[in-house]
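One structure is given below, encoded as structure tokens.
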Amino acid sequence: MSHPPLLTLSGLTKAYPGVVANDQVSLTIGEGEVHALLGENGAGKSTLVKMIYGLVKPDSGTMTLRGTPYEPGEPREARADGIAMVFQHFSLFDALNVAENIALGMENPPPMRDLAARIREVSEAYGLPLDPFRTVGDLSAGERQRVEIIRCLLQDPKLLIMDEPTSVLTPQEVEILFQTLRKLKSEGTSILYISHKLEEIRALCDHATILRLGKNVGECVPAETSARDMAELMVGTTLQTPERHARDVGEVILDISGLSVASPSEFGTALKNLHLTVRRGEILGIGGVAGNGQDELLSVLSGEITTAADAVKFDGKAIGQMGPNARRALGVLAAPEERLGHAAAPDMSLTENALLTGAAREGLAQNGFLKWGAAKEFAETIIKAFDVRTPGPANAARSLSGGNLQKFVIGREVLQRPEVLVVNQPTWGVDAAAAAAIRQALLDLAAGGAAVICISQDLDELMEISDNFAALNEGRLSAPRPAVDLTVDEIGLMMGGSHGMEVAH
Amino acid sequence: MIRLEKRPQPSRAWSLATPLVAVLATMLFGGVLFAVLGKDPVEAIRTIFWEPLFGEFAFYYRPQLLVKGAPLVLIAIGLSLGFRAGIWNIGAEGQYIIGALTGAGVGLAFYPMEAFYIFPLMVLAGALGGWAWAMIPAILKTRFGTNEILVSLMLVYVAEQLLASMSLGLLKNPEGFGFPGSRNLQQYDSAHNAELIAGTGMHWGVVAALIAVIFAYVLLNRHMLGFQIRLTGEAPRAAKFAGVNPPRLILFCLGISGALAGLAGLFEVAGPAGQVSIDFNVGYGFTAIIVAFLGRLHPVGILLAGGLMALTYIGGDIAQGNLGLPAAAIQVFQGMLLFFLLALDLLTNYRIAIGKPEAA
Amino acid sequence: MDLSAINPVLLVASLMVAATPILLAAIGELVVEKAGVLNLGVEGMMIVGAIAGFATAVETGSPLFGFLISAFAGAALSLLFVIMTQVALANQVASGLALTLFGLGLSALMGQSYVGIKPPQLGQIHLPVLSDLPVVGQILFSHDIILYFGIALTAAVWAVLKYTRVGLILRAVGENHDAAHALGYKVVRIRILAILFGGACAGLGGAYISLIRVPQWTEGMTAGVGWIALALVVFASWKPWRALLGAYLFGGVTVVQLNLQAAGVAIPVEYLAMSPYLITILVLVMLSADKSSAPAALGRIFHASR
């Protein structure tokens, strides 16, 4: 093998106020190689790929593309040099159609009609069928990813960067994606694959670079390295798996039957004829690909969306028409997915954020007048009990890191002694230590006799903590099944299988 | 290279300092403006800010400060509650007019009877009138999702036409020799919002403004409803999650700001203005928007800002008389103040970094 | 009352004249909002355009030059809004209000010595044959050039938004500025250009009021037309041709009520005069239910952090 590597990074450094996102990172990607970039949330993976894609300029260090210096000033230049990227978030326009979305990612798009024909052609060739004239907002998460991939493929990239691509896919869809990627690789395209899912990397990648706290901490050949070794490189310490005590499952406490609601947002998902029951001491895991009704389900349970009274029953009592505070008074608590702006107000202090849901159950208000002293105490209790790293309760929520804020949000609900706790994506974007602490808290809560509904897209997490598992697919909920004896294939089918994708041929 | 960096949390120091810096910057640029108009800038600034307080005729101007400041504070307090929650009532001018019309209408209906309860009834009618006028955008917003900014503003023009119609028709003084305008309420004891202490400018409107400041302070800092208002403005989704009922909040915020603007109109028409006339409204409803922002939507800040804005009104009048400074120049001056304030607000949430970022 | 005093041909012709300032301002604001920016300063930019155009026309004797300067003046004032919202990241609603308050004051200051003056007239175009057609000629082919410019501008904006890459990028920025940024588009630069365009259009619209529709200068003469233009953008669901339709509707209401006033209808003048505002509210109510075509990023602040 004598030809030079496709892309070499050496000593890339990028600092932001208060944090060095990348510190002397070097790596080499060969022609036709699938290279994994592995690391926890906040390890600096995103910053690194943004530098490669020209969105961020490195403070120091050099990049070399096929032996010539490579300094993209903007994504346009990166694309011109054959580098394409599939983003994890934020890069599609809901109100525009597929073809328009794709045209926006190209330098010199052909006229719409030709482009539409090209889209059809390429999408068929790679087993990712797409109608160019559909509005992107109406597509499922998997289909939206197809739009991004096709957008890249139309430019014949030499290097395709994929940022956490499988977080929005069912196991079956992941398999199809891998076939597509292997086909690309066989055609000579290099792929930089970013993930924290070790099994995927072992299945797909030729080489892996591991980042921790912005530093390059190791390289390996994934197929020859155990998942455990990679995990320890990534996290830095040996991980402890949450302890699971045997639990007694009690009587049914929450009962949803025949629930159908429209989504409040334009491109949301309506819930269709939902049935579920949860018992005291049970953790019900609800899986599913993003955008299949998770937000709506949480809102229905928290009381942000009200429904017919007897569609939701708590302890035999119809609560469907109750608002969030009436439900809190009963003991039905929730923690939404979006930390900043939904579960917490970014610019408000932690004391005020403690008040946000704690007023009723913690007695933080009397006749409508606020007891600031009590609210501050409650905030301090949460900070202490959940090891939230912050100078104090007077600090704004937005000043906390994702993991710390999530611990605060979960802690705020857990400490209110819920009868039923509903959480959505409790460990999303959270570092491993915080994630473990949060899962442990949920397990302890159930052990104490509360019912927990954990909505998550992280299947490993759900398998780790839930007693029963159900999946959301296009607003429909599958019948719950005991989690212990489910196989990955069965889970995938519950999540909707491959959603009409084909295997690449 | 100059860049903006978001602060991890809002800076308290800048939050307090920006209004002062904005006032200074406005004085500077206002001075330039006055110089361009051929006036001595130092003299003009001195006339506007010094003369009413400490000049030769301060004994006359100081009471005026209360007279002009009270409606501004009263209206701005109401507006600030809505602004905090992201509910934009910009039609306070219309609610002010309607409050004056309903209040004066009730008073005139009793004419010439003298009774102690007439004035309280007028106060009630004024508040109700303003409230009802503000309920139009509120109900349209909660029912149909109609933009309250546009509706409340359109209603200003409607109210102005109503005012004209009333001063030419229904409320016209039958003994007024055909001139437009109502009877003068200053000459009708039971309806007159007279000075409480002669020569101080202190009338019921001033008292109401002070009560409103205290009320708003307690509401925002000590009460759940105030917390919900702030929460809705900061993070609407979090507010919903916290159990806030958005339609109810819209009705409350628009209603209270309408009622306060109506009160301001009533106190004005029954006191300093004296009668309903075509040119009764002088833009307090719009200037109050500046006052609300200048006071950083904080009750105490609004009290100070109302005083400052009243000062520019009075000082502007003096400068008009003494230096021939056009009235419009003061309007520009006030607009400038709002610009500087909003622009400098940046410093509360962002820090300006020069050069390359350094690792900490 | 004498309804026969109303000449239908003149009525329709003057309807088009009355609609033009609203149309110009609304088309400008439509582009601004398509880029995801809500500029409530339309009224302020219009009135500054009105006096700038008026003063220039009076001083130079050229109405066309006046129109040119009014566009510059509107754009110059919108530059303030740019500084506030795109550089200093201030709240767009508050900044727009500030722009209007400031513009009203500034125009009054600029216009002091122009009250009561008649501006030079911009001639009507005369097309051989067409302009001489009975009825149609007078309605359609005997107007000033700016009126036709307004219609042409509507067509141009429609075509650009629908068929060109520039239009696609503009819509993309208004739809999701983070995604547009991630693809490497200069969100702030595109928005600044849109805001300046909107300012120029509003300035033109204002000058149309002071130079053609009225024509003279009085303080506060735009009397809410800028706000009606804002309402019109909602009415039009952000579609240029519907903005044209809406402008003609509002122009029609204005002209009809003026004609009714002149004809001495038994309704008091004040109630007729408030009708355009009431109808604006009514239309807003009818069309507010459907916000699906509103640009998704409208009014949101963009700051490229990491």
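Glycine too: its Cβ is placed from the backbone N, Cα and C atoms.
Here TrEMBL flags B:12-37, B:69-87, B:94-111, B:117-140, B:149-171, B:202-220, B:249-267, B:325-347 as transmembrane segment.
Residues 4, 11, 14, 18-19, 21-23, 25-26, 29-30, 33-34, 37, 39, 44, 47-48, 287, 289-290, 293-294, 309, 312-313, 316, 319 of the same chain sit 6 or more residues outside the transmembrane segment (B:325-347) yet have a Cβ under 8 Å from a Cβ within it. With a cut-off of 8 Å on Cβ pairs spaced 6 or more residues apart, the transmembrane segment (B:117-140) and the transmembrane segment (B:249-267) reach 3 or more such pairs and are scored as touching. Counting same-chain residues at least six beyond the ends of the transmembrane segment (B:69-87), those with a Cβ under 8 angstroms from any Cβ of the stretch are 96, 148, 203, 205-206, 208-209, 212-213, 215-216, 219-220, 229-230, 232-233, 236, 249-250, 253-254, 256-261, 263-265, 267-268, 284-285, 287-289, 291-293, 295, 297-299, 302-303, 305-307, 309-310.
Among B:12-37, B:94-111, B:202-220, B:249-267, B:94-111 has the largest number of CB pairs under 8 A with the transmembrane segment (B:149-171). When Cβ-Cβ distances below 8 Å are used as the criterion, the transmembrane segment (B:202-220) is approached by residues 63, 66-67, 69-71, 73-74, 77-78, 80-81, 84, 123, 193-196, 226-227, 229-230, 260, 263-264, 267-268, 271-272, 298-300, 302-303, 306 of the same chain, each at least six residues removed from its ends. With a cut-off of 8 Å between Cβ atoms, the residues of this chain six or more beyond the transmembrane segment (B:12-37) that come close are 44-45, 49, 294-296, 301, 305, 308, 325-326, 329, 332-333, 336-337, 340-341, 344-345, 347-348.
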